[in-house]
Amino acid sequence: MPRHKDELPAVRVYTVCDESRYLIVRNVPALGCGDDLQKLFASYGDVEELKPMDAEDCEPFTDVYWIKFGLVSNARFAKRKLDEHVFLGNKLQVSYAPQFESLSDTKDKLQGRTNQVLARLNRAGKSPIQPPNSSSHPLSNSNRTRDVRELEGFPRANDPPLKRVSSDQDYFPSQSMNETVNLVRKKLDKIQSSSDQQAGTAPKKLRVDNRRRI
């Protein structure tokens, strides 16, 4: 993109629509160096055509060139490497020119990017994630509800009734474990009684400070 000499280059993200095999090169010294410029860009891919753009506005003593690459990938590589590249004392300003694309150029570009993405996904072993279909799921809604109820501890219809254990009855055959249970029960009863006493007492009345403040 055109910019002043003292201005820093801006960071820009390009999409497949912004990229193109057509490039515009600005700030080329007006020394008739088209052949040297073509050799420079041809080192990054097949250059089908290069010509100066005389009607394009440019800085004094500089020219603007239009370059057509055979592949978008070559143009992308050349732009990344040659933008801000010093050529005969001047820093080149390389930008994409998708406005010169024909309908077939745009179609080929989009199809090529689609093939690249699919090839990368296949190499990585990834496949598109399909949302599960409720009708084809092996578990119906009733089965899922039943499984959830079983996991959460809900009793089932065929289960025998729960046996209620008295507080005085021993839970375990081991005497030491029964003593531990009794100790825990006593502590819980003590905590429950203290909480009941605190709930029965009236809250303290807040004192009102009537003293004069200076």
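Glycine is no exception: its Cβ is also placed from the backbone N, Cα and C atoms.
Nobody curates TrEMBL annotations by hand; they come from automatic prediction.
The annotation compositional bias 'Low complexity' is assigned in TrEMBL to 132-143. For 144-153, the entry in TrEMBL reads compositional bias 'Basic and acidic residues'. Summarising the annotation, TrEMBL assigns compositional bias 'Polar residues' to 168-181, 191-200. Sequence annotations record features per position, and here TrEMBL assigns domain 'RRM' to 21-99. Annotation comment: TrEMBL describes 123-214 as region 'Disordered'.
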For the domain 'RRM' (21-99), residues assigned helix / strand / coil by DSSP: 22 helix, 30 strand, 27 coil
Averaged pLDDT score, the domain 'RRM' (21-99): 92
